[in-house]
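As annotated by TrEMBL, transmembrane segment applies to 6-33, 45-78, 98-120, 141-168, 197-216, 228-253, 273-292.
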Amino acid sequence: MSLSDFVQVLITGIAMGGIYTLMGKGLFITFLTTRALNFGQGDFLMIASFMAMAMMLSGVPVIVTVAVTLLVMIVLGLVLERVAIRPLSVHLEGSGASLAWILTTLGFGMLLQNVVTLVWGKSRYYSPPLFSSGESQVVTIFGAGVYLEELVVAGLALLAVAALYWLLFRHRWGKEISAVAFDKDTAALLGINVRRVVMLSYAIMGVLTAVAGILVGPITTVQSHMGLLFIVKGFAAVCIGGFVNPVGILIAGIGFGVVEAFSNYFDSAFGDLYPFVLFLLFIVVRPAGIFAEHRADVR
């Protein structure tokens with residue numbers, strides 16, 4: 001492998017790892033407040049990708065495209081919380097609710113998937129670049145031709161992760177989310193509106209997934225069944241990084257993307273298999289994740 005190939009594969013892996021990290025962060029933020037695993041989140045990414053692609057192909061400015069997609073995904077996140085999460089939280093508790101939430105979120109995602117399939121079919125589509133055109137699509141780094149979109153995706157994904165970290169550990173909302181994650185009853189006694197905090201977490205999930213969907217479109221193909229693979233990889237990032245540590249999820253997401261990129265470089269036939277094999281081995285050795293001992297600060 002030459003230096004140029006190494007750089008090219010590495011940047012591709014970091015870019016895709018950024019997407020997996022955003023998906024993992026979405027799972028993380030909603031799990032904090034409800035202990036629910038939102039497996040419909042992958043189809044949220046799919047919806048965001050199709051929306052962004054359709055608007056850009058129609059000539060809508062990028063800023064408007066991003067704003068509209070973010071708004072729609074926030075609304076979808078709130079709708080998901082209202083119809084698939086909240087009703088079960090009233091009638092079920094503990095593991096029963098957790099298992100039921102997996103089914104309800106999957107069902108919600110399948111509904112979105114089938115709506116898109118009816119409109120767009122099952123074909124693969126190519127989204128136009130967000131920030132480049134013509135000759136500016138490729139830049140040279142250490143002799144490697146790298147798509148500008150991949151650099152932008154990696155940078156913006158890391159920026160979104162940094163913004164979430166600031167929100168969780170530096171902003172009042174983050175303290176409220178941590179308090180609800182620790183104990184909902186105690187948080188309510190302290191005057192925190194638990195329902196509002198839960199809704200906020202699903203709105204944040206919508207934003208993170210919208211960013212992931214917008215960014216992933218130009219660097220891969222867009223199709224109605226794309227969501228499942230992304231949510232599985234995001235879930236792997238959460239399991240490896242630990243469900244209670246956002247830094248661990250970042251490290252795991254980027255690592256998963258880089259391993260996947262190099263695996264596909266050396267073995268295009270079975271390249272997608274190796275990261276999952278390593279994931280399973282890691283879970284056997286350290287089932288609680290990299291930073292399992294870290295807990296949310298509720299002070």
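Glycine is no exception: its Cβ is also placed from the backbone N, Cα and C atoms.
What TrEMBL says about a protein is an automatic prediction, not a curated fact.
Between the transmembrane segment (45-78) and the transmembrane segment (197-216) there are at least 3 Cβ pairs closer than 8 Å, counting only pairs 6 or more residues apart in sequence, which means the two stretches are in contact.
Counting C-beta pairs under 8 angstroms (sequence separation of 6 or more), the transmembrane segment (141-168) reaches the transmembrane segment (197-216) with 3 or more such pairs. Pairs of Cβ atoms less than 8 Å apart link the transmembrane segment (197-216) most often to 6-33, out of 6-33, 98-120, 228-253.
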